[in-house]
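Worksheet: the structure to be examined is printed underneath.
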């Protein structure tokens, strides 16, 4: 693909949305990733949650740029199973450069400054401190970043394009998996025998921080179980409103 380098300042629309064959094996994901790494080279970062979609993207990225930079927002509140998965990914893809990005405040410092249970009393502020601000720091030196958003995940993600102007981070957000279904994600994982978070086998469709993630037994919503006792549906990385 010969599309020019798209930046936050020159973005007009997604040039790929009606151009790629979404009926191919990866529904356009491989082609988008190939273009992204050829275009942005080292100016693009994959912000990885190590969820199911992440396993698909990591495998595709490793075929295109084996030493790609991947950032995990380590809030210090993740499940041990998530950290175990990261170790397995490092073993399987040893060339990948996986960076564990921590917040400026430790949990103890956050508790002293705000509230010992900030994730419960003000989850938006907690997400800002432990996820959004760290990603702001990471993206300050990048032109674009990759995300595993899928349109079918939730109403707030239903209009996501391959290439998006990201107002939150003043960046370009590349979303290769927008047309994938949850079933296709898991078929890819199983067909390729990829590692994945063991909590998925324990009724956790979506996995984040321990205090804000619950198992789900009666919903087909892939985002169910996140902030289940509140109206909150996003950590804030993919919305423009600030706390």
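Please read every residue number as a count from 1 along the shown chain.
Cβ atoms here come from the backbone N, Cα and C positions, even for glycine.
As given in Swiss-Prot:
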- 126, 127, 209, 212: [4Fe-4S] cluster binding site (BINDING)
- 235: active site, nucleophile (ACT_SITE)
Helix, strand or coil by DSSP: which one applies to residue 127 ([4Fe-4S] cluster binding site)?
helix
Let's check the environment of residue 212 ([4Fe-4S] cluster binding site): how many other CB atoms sit within 10 Å of its CB?
21
